[in-house]
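Let me begin by presenting the structure, written as C-alpha cells, before commenting on it.
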Amino acid sequence: MEHYSLAQLSKALHNREFSSVELTQHCINKIQSNKDLNAFISLDEDQALKEAQSADLVLKSGEGKPLTGIPMALKDLFCTKRLNTTCASKMLANFQAPYDATIVTKFKQNGAIIIGKTNMDEFAMGSSNENSYFGSVKNPWDRERVSGGSSGGSAAAVAGNLVPFAIGSDTGGSIRQPAAFCGISGIKPTYGLVSRYGMVAFASSLDQAGPFAKSAEDLAMILHCMAGFDSKDSTSVDRVIPDYSAEIKNPVDKIRIGLPSCFFQPQVEKGIQDAIHDAVKLFENLGAEIIEIDLKLQPLWVPCYYVIACAEASSNLSRYDGIRFGHRSKSASTLIELITNSRSEGFGNEVKRRILTGTHVLSSGFFDAYYLHAQKVRRLIRDELITTLNSVDVILGPTTPTTAFKLGEKIDDPIQNYLADVFTVAANLAGLPAVSIPTGFENKLPIGLQLMSKHFSENRLLAIAHHYQQHTNWHLANPNKQR
C-alpha cells in the first residue's frame, strides 16, 4: 500500500480493500523502523489510531471525503493543540499552542489523520536540515547525505515511504529543495493562496505552506484541501479555488517553456544540466515550444532574498524573550539578563547569525543602503519575472545546482548553504507558484526539475508537471529498492 498514489489509497479505503487502521498502523511501523532517518520530532500513535477507527466508520457509511482515513505528517512549525510546536528549537522545545493552525483544521475537516510532526531546520532557517535542536535528518537515498531544508523531515518522510504525504513551508525554497534532494514532488503555492494562520513566522512576506507527495497528481489533491481564503490571515486572497485534481487531467496543448541561460552556469553539476536538457527535449517531443529567455537580475536573487528574509526574521523572532513563552534562562538576576540569556541559550547558531544580519540591515545607519535597496530590487525582480511569464507558460530549470551533499560538508560554510537556494528564492520574492518534480539521477542521487508560473496558475502548473510525469517514471523510483 505504500506505493499507492493518494487517489489509489482513497479508492482502496472507500472500497474497503484495507482499513484506515491498517494503513495508519503500517505508517507507524515504518516510522518506528526508520528512526535513523530522524524525520519526526513527535509521533501521536494512540490518537492517530483512534482517528483511524473513526475514519473507518465514516468510510463504511459511504460519506468519506478523498483524504478520509489517510495518514499525513506536519512540519513542526504548524500550531497544533495536541502536540508540541517546537520549530526544532530549544526555544520552543516544550511549547504547546492553544489552537490549531488553519490548515490543520482543514485537514481534520477533510478526514486526514495527523500522525506526527516532522523535523526541520530551526525556525525554518537552513538548506540542509542540519540546524535542528533535535539532530540532522538523513536522506532516504543515502543516509550519509542531507535531506535538504528547511522542510527536510517532511521530504524524508514521504521519500522514505513513512507517510503518503506531508506538509512543509517554503520561504526561499524549503519545499522545493528538499523535494529535489529526496526525489519527490513538492509545490510552493502562490503567496496568499494558503492560509499562514498558525504557521510560526520566519519571514512573513515570503513564507508559504505547501505539500510534499510522490506525484503532481497527489499534490493537486492535497492543495485543493489546503487552499482558500481565511479571514484570520490578512494576506490570504479571496478567490475561487479550482478543482486542481480535475484540471490536471485536461489536455496540455501548446506549452511555451522559458529556458533561462543563467540556469546553466559552471557551478551547476554537469549531470544536473544534462538531466534538465533531457527533460527539455522530452517536452519538445511532446509539442512544447522552447523559448530562450534572459533573466538579467538573476545574480541579485540570493543577496536580495537574504537581506529581506533576515530583516523579517529579526523582527519576528524578537517576541522570544523568555517572559511570555518559550525557553526561560535560569541564570539571570535582572530583566536584561533574563532576555539576553534566554535568547542566547534558546537559539542555535544559524538563527543567531540571521537575527544579527537582520538587525544590522534594519539599523538606522544601514536601513537605506541595505533593506530599502533590497525592497526596490525585489520589485524589479518581480516585474522581470511577471513580464517574462507574459510570453511563456512556465520557466523551467534545475531546482538546485547540486544533488544532496554529505552531512557536515557545508555546515561551517553558510554562504555555500545559502547558494543552494540560488534557483528557488525568486518565486518567494515575487510570490509566484513553483513546483519541483523528479527528473533523473546523478550518482544514484535524485535530481529535481523546477517549473515556475504566473500567480494563481497552480492548475496549469500542476497540469504541465503531471503531463511530464505521465511520460516519465522518475517519480516512481523507490529508495528502498535502490539501497
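Positions of Cβ are set from backbone N, Cα and C atoms, glycine also.
According to Swiss-Prot, the protein has these features:
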ACT_SITE  K75  active site, charge relay system
ACT_SITE  S150  active site, charge relay system
ACT_SITE  S174  active site, acyl-ester intermediate
Which residues of the same chain, at least 6 positions away in sequence, have a Cβ lying under 8 Å from the Cβ of K75 (active site, charge relay system)?
K117, T118, M120, S151, G153, S154, A166, I167, G168, S169
Close in space, distant in sequence - the residue listed as 'active site, acyl-ester intermediate', Cβ under 8 Å, 6 or more apart:
D121, A124, S127, G149, S150, S151, G168
Across all the protein chains here, work out how many other Cβ atoms are within 10 Å of the Cβ of S150 (active site, charge relay system).
35
